[in-house]
Each structure stands twice: as C-alpha cells, then as structure tokens.
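Per TrEMBL, the features are as follows:
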type	residues	note
TRANSMEM	B:23-43	transmembrane segment
TRANSMEM	B:82-104	transmembrane segment
TRANSMEM	B:116-143	transmembrane segment
TRANSMEM	B:163-186	transmembrane segment
TRANSMEM	B:193-211	transmembrane segment
TRANSMEM	B:238-258	transmembrane segment
TRANSMEM	B:297-315	transmembrane segment
TRANSMEM	B:344-365	transmembrane segment
TRANSMEM	B:389-413	transmembrane segment
TRANSMEM	B:433-454	transmembrane segment
TRANSMEM	B:461-484	transmembrane segment
TRANSMEM	B:504-527	transmembrane segment
Amino acid sequence: MSTAISISGLVKTFGTTVALDGLDLEVRTGEVHGFLGPNGSGKSTTIRILLGLLRADRGQVTLLGGDPWREAAALHRRLAYVPGEVALWPNLTGGEVIDLLARLRGGIDHRRRDDLLERFDLDPTKRTRSYSKGNRQKVALVAALASDVELLLLDEPTSGLDPIMEAAFQGCIGEERSRGRTVLLSSHILAEAEALSDRVSIIRAGRVVQSGTLSELRHLTRTTVVVSTERPPDLIGRVPGVAHVVHEDGRVSFDVDTDHLDDAMDYLAPLKITSLVSHPPTLEELFLRQFGEQVPTEETVG
Amino acid sequence: MNAMSAFTGVGPLVRFVLRRDRVYLPVWVLSLVVLTYVSAAAVRRTYDTPVEIASYAVNMGTSPASIAMGGPPVALREIGGILIYETSLTVLLGVALMAVFTVVRHTRKEEDAGRVELLGSTVVSPHAVITAAVLVAAGASVLVGAGVTWSFLVEQQPVRESVLFGAAVAAMGIVFTGVGACAAQVMSHGRGAVGLSLAFLGVAFGLRAIGDVGENAWSWLSPMGWSQQVRVYDDNRWWPLALSLVLTAALLVGTVLFEGRRDLGAGIVPSRPGPPSAGRTLAGVVGLAWRLQRGAVVGWVVGIWSMGLLLGSFSESIQNMIEDNPTLAEYLQRAGVTNIVDSFFATSLLLLGIGASGFAVASALRTRSEESAGRVEPLLATGVSRARWLFGTLLVTLGGTTLVVASGGLGVGMSYALTTGRSSEMWRMTGYALVYLPAVLLLAALVVLLVGWLPRASGAVWVAVALCFVVGWLGSLLELPQWAADLSPFTHVPAVPAVPADDLALGPVLTMLALAVAALAAGWVGFRRRDIG
Ligand SMILES: Nc1ncnc2c1ncn2[C@@H]1O[C@H](COP(=O)(O)OP(=O)(O)OP(=O)(O)O)[C@@H](O)[C@H]1O
Ligand SMILES: [Mg+2]
C-alpha cells in the first residue's frame, strides 16, 4: 500500500462553525508529512477525524487501508497519537502513563522506552500533576515513540519543548523515517517542518491550499536576492516578476518569482555583479506569503 | 503587602464568579429556602392542636434516632421547636454542601483546569481568587439564612427566634466556606478538597449526633452542634455562633498561610515520587478506572459504613424506649407500625441507600469529567474501543456502588449484632441493604443516558438525587402527592425489613433493574455515534 492516509472532500461542522470545508490530503507510506496552518485552521479536527474521535459530516477518509470510524480500535493498534493538549491523570506517574498507553496499544519496547526517557531527560517517577507542559508532552511522545507502530499522528508535538528537546525530537523523527514509519506532523514551527518533512500540506480555513514537496512549493514562490553591482540597477523594479525592491548603500534586495529568475539575471549581468546572495524562501516566508497581507487575495485563495 | 494591594482584583473576580454561577447559586439558595418554607408550612399544618404538639414532644423528642437526625430536642412543646427540629437537618447539611461546592469550584477546580494561572497573570493580588470565592460562598450562606428567617416570619414565628435560626444556618454555611477554602489549599486537586470537606462534615454530624443522643459535651466539638446549641425558642443564645466565627477566622488564616506556602497547582500535602513503571493491575481500562476511583470507593465505603454503624447503634435504645413508654407503643400501633425497630431499620437503609447514590452518580459522572478533561482521547486513540472504555469504566461504578450500598447494611447489622449478640444480623442487614441497589443503579444509568445524548447536561442527575432525598426524608411531612413521590425510584423499593422478607415485592426492584439496563443501552447508542470531546 502506498498511501497511509487519503482524505477527499472532508467536511466537518460544529454548529455554525465550519471547521473543515472540503479538505483533501494524501500522506504516502513512509514519508514524513508536515501539516501546517494557522490557529483554528482545522489541523486538530482533521487528526481527530482520522482517529475516529469525531464523525465526519461528508467526505472519504481512508487510514492504513481502513475506515477510521468503523474500524477505529483495530487501526489504532497500528498507530500512535500525540495530542496537541496533553491531559494526563494527575495521580499517575509519568512512567505509569507511558506503560499504560503502550499496553493499551498492544505492547512496549522496554529498551527503547528507557532510551527515550534518557534522551528526553524525563523523570518517570514524578506524578503527572507536577509536570510542566513540556514534560507532559514528553510523556505522550515517549509513549508514542516507544510503541512499535506503522504510523505516528503528531499534533503540534513540540509546542512545549525547549530547543534542546526539540533537537532530540527531530533526531527521533529522523530515526522513525529511516525505519520506514509514516509520520503526520502538524506544526506551527516551520523550521521543524522544514527540517523533517518530505512533503508538506498547508491548510487554511478547513482546506488544503498547498501541497507538495518543499521544492515544489518553492517553485510557486519567490526567491529573495541581495545583489551589489558596479552600475546601479535602477530599473530592476521594471523586470517582470520582481517585487519588494529595497535599495540600501550600494546594494539592492528584491524578491523575484522563480519563473522570472532568469529575466532578473539577464538584466543584472551587464551591470557587473560584484556580489550576489540568493536564498530560496523559507517555510516561514511561504507561510507569510500564503496568509500575510502583502500577498494579493487571488493568490491566497489558491 | 499593604491592605490596598491585598484585595486588588477581588471586585471584578466576584462579579465574574457571580456571572458564571448565575444559575448554579440561585438554584442552591432557592431550593434550600423553598424546602425550608414548605417543610415549615407542612409542620404547622400537621401539628395544629395542643394535643398533637404534646404527643410530638413525647414521641419524637425521646427517640434517639430522631435526635440523632434532628438535633437536640429543644422546646418541642411548642410549634417553633418542632419547626426547627424538623427542618434543621436538611437546611444545615444543605448550606454546608453549597458552601463547600461553591468555594472548591472556584478555587481548586479552576486551578486544576489551569485557569487560575491565566488569572494570576492579570492584575489580581495573590489571594484574590480565594477571597472572591469565599465572599461569594459566605454571601450565599447569608442569603440562605435570610431566606430561612423569612420562611419562619411568614409562618408567624417571632422575629427574635426567626433571626437567630437564620443566623445559625448562615453560620453553618460560613464555617464550611472556611473548611472548603482550607481544604482547597491542603489537597492537591478539587476532588480531594471536596472529599476532605465532606469527611469533615460527616465527622461534625457524627460528633453532634453522639453528643445530642447521649446529652453530653460531644456536641460542642462540632460546628454543626454550635448552630444547634443556640437553642432557639428556649435559651435563645447567640454566643455559640461566636465559636463558628472564631473557627472560620482560624480556617481562613490557615488558608492564607497555606496558599502562601505552596505552589500553584500543588497542595500542601506534597506529592511523593511514585513508581517509575506501571504495576501489573494498571493494564487496561478497568485497571485504570479502579486506580482512579479506588480512593473514592474506600472513602464512601468507610463513610456509609460508619453512618450505618451509628444508626444501628440506636436500635437498642429504641427498643428500650418502647418498653418504657406504653403510650408511644400504642401511638405507633395506631399509626400502623408493627415493629418499630424494623421500621427504623427500613428508614435507615433507605437513607443509606440514597446516600450511596451519591457515590454511584459521582462515579458514573467520571465518564463525562474524564472526557471533558481530554483524558479519554488518548485512550480511545489506542486499541481501546468506545465500548470497552465506557463499559470498563462503568464496571468500576457497578462494583463500587455494590460495595458502598452493602457497607451501609453491614454497618447497621454490625451494630445490631453487637447489641443482640446474633452475628447473623450482619448478613441479614447487608442483604436488605442490597434490595436498594437497583434503585441506586438506576440513577447511575440515568447519568449514562445523558452522557450518551446530552453530555453537557449530565450533571443534572444530581437534581434527581436531591429529589430522592427530599421524597425519602421529607416526603411524608410535605404530604407530597403520590405521583411526585413515585418519581423517586426509592419510593418503589419494598421497605425491608419492616415489610417481611417473604412478602418481598421483588417486582418493582426487577423493573428498576430492567429500566437501568435500558437506560444504559440507550446511553451507549448515543455515545457510540457522537463526537468525543
Ligand atoms: N468541539 C468543538 N466545538 C466547536 N468548535 C470546534 C470544536 N473543535 C474545533 N472547533 C472549531 O473548529 C475550528 C478548527 O479547530 P482546530 O482545533 O482543528 O484548529 P487547529 O488548526 O488545530 O488550531 P491550533 O493550531 O490552534 O491547534 C476552529 O474554528 C475551532 O474553533
Ligand atoms: Mg490544534
């Protein structure tokens, strides 16, 4: 089977709120798929439907080849989930929760559990009541990563982690990928999705507005160029596809649509380039382009 | 910190609390006041001749069981004394429960939900949250007291007595406001704070019951005793209420000290490190539910068992009283009571059964509270199906309820066995207590029905429990119409052992069991098809 998750035309409403409005999403087996979107765009709702916790109003959802609503319990043995808001039983210790969740999922790899506890620097003897948000999240992460499953559904798993733990997390996801596991990673942290994801889907107001590999998405967007030339590039703003031109002490920076990159270079080359820095857009920029004000509306509607 | 900054933010917080409780508090206050008013009116109707009043004094005022419930028999030769004797148990316990629930709800439970942290980051002083909760709960207690005074005035009682009784009721509420506030600091979560406060209330009730029946100083150890030692219509003394205020002040000082010494989210009782890995029992849904509820089960078993023990211990004095008092025996015979000890046991088992439904409903409601706390989601995301989770959790409710119901009968039976020397009484009474089990389970099943279809309204079953109590404890006094009394499942339980066991009308009991199963099934149908969260 080459698709782990396939969703088409998914609609979910809560009263008058339309949380998902015809969402399409495909996650291939073995890939790490970044699921990005602003607050309230429907990431958690999508994941909850995938888990059979919410009932879809309309649309087709296939998870690991099965129907997530009807075959929930059987499918869940093959996946692990880390919720965005980790709520734990205050009287249980972290270690107890990890074991409990893993047992309910069908077993735990003890070596891996101990290894993960060490990597995430988590004290399993503390009652979860006294854990910080980040530590509660680590409990859910260790429980999920220590289980032998095909698919990981991670809903903003690192929103409470410090940078060191974030790095540990990225290391773990890398290992999961090399073991051939599929990961759906919803995130706000663009650098994280950028570092980990094979492909990303960007969701907004309950619809996926962009989907593809990072290079495919970059293709749709602009490259930022900072250049110095011997003769001043006064007319750079007239080159098609160029925007956001800023002149500052002899240098000029501008954004250019990837399709028109060669036009810009054709214009600049005769002016004698002395230095040139260009970088592809970071996911951050993709994100801002997608949702920020500076982008014309017809582009955001996608 | 100066006085100005100590109370910064209290005003807006009080308004915020009142807004959130705009239904909750009026329901509490009005039900307590209306109940008092209706009971008082009923008492005046029932005891309207001097002869009736005189026989009340002889019969009720000497019965240890009714003293244990109603308080010291003060001025029972006049209607005012009877009014207080008949109404004080309900209103005193009611106002205390209201105060405890209100305070804990706005302090510890809010903190558990992480909302205090949010408030703490705004401009409020460190003690503002607790101060606001205490002000609201104490204010509500005063309102209940004022309502009680009003009820008595409407029933043409003298002003001084009416005001004093109202003040005694308010004082009870105020003391338990302090108890709740203090418990909210000591315990590390809301449920524990309520549990500790209720244990305190149980002890306060028990101490004064022992003291009142034995006519000794034990009553003075109990804040509930102080509210009764004002002896309205007799000594009319105010000073016992000063004890209530002193205790409240001490509790509030303790609250502030404790709050200053603990961290947000923690209790004064520190949580010790626990096992680094799960034991063998924590392996499934049932194991988890048992782990989460075992403390409550043990607490309720001990509480109901002690109440049973206490009630059972009065059986001997009831027997003696009948033997010493031929007029009473005759009076009871006319009233259709053939065996007073057995009918006393029947009443005791009924009250214990209604008490046990407190556990049953609270336990069944765990299904909802776990869900809204977000703790069901991670479980259902594992190999656990919805059916396994719901029924596994409810299995603990079933087992726990059975234990709690049985423990009441066991307590009564143990006392009785000690006085009679017949150890078989223990098992006989336990068996009788279990006759009430289907009625108790029906209430729990009602919770499941609501959890399936109207999860947000599932707490409404507490109203049903309160109704069962009113019907069971005050029903005959209030002369409720039969249809109203019939609403309570407990009305349909045969009054064992007053009704002989061979006449045991098992029909209604089996019907209730069937209804409970039907409600459970209907609840499941709703639960399996709705959204979780
Ligand atoms: N149980 C619910 N009842 C009503 N509305 C809901 C419910 N759950 C989600 N919503 C609404 O659906 C929309 C999508 O919410 P969702 O939680 O899926 O967003 P999200 O992308 O996960 O956001 P975040 O990044 O903040 O976690 C929001 O408008 C939210 O208010
Ligand atoms: Mg979310």
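Positions of Cβ are set from backbone N, Cα and C atoms, glycine also.
Across the candidate stretches B:82-104, B:344-365, B:389-413, B:433-454, the maximum count of CB pairs under 8 A to the transmembrane segment (B:461-484) is reached by B:344-365. For the transmembrane segment (B:82-104), the most Cβ-contacting stretch among B:193-211, B:344-365, B:433-454, B:504-527 is B:193-211 (pairs under 8 Å). With a cut-off of 8 Å on Cβ pairs spaced 6 or more residues apart, the transmembrane segment (B:193-211) and the transmembrane segment (B:297-315) reach 3 or more such pairs and are scored as touching. Contact check: the transmembrane segment (B:344-365) against the transmembrane segment (B:433-454) gives at least three Cβ pairs closer than 8 Å, residues 6 or more apart, which meets the contact criterion.
Remote same-chain partners of the transmembrane segment (B:504-527), defined as residues 6 or more beyond its termini with a Cβ less than 8 Å from a stretch Cβ, comprise 386-387, 390-391, 394, 435, 438-439, 441-442, 444-446, 448-453, 489, 492-494, 496.
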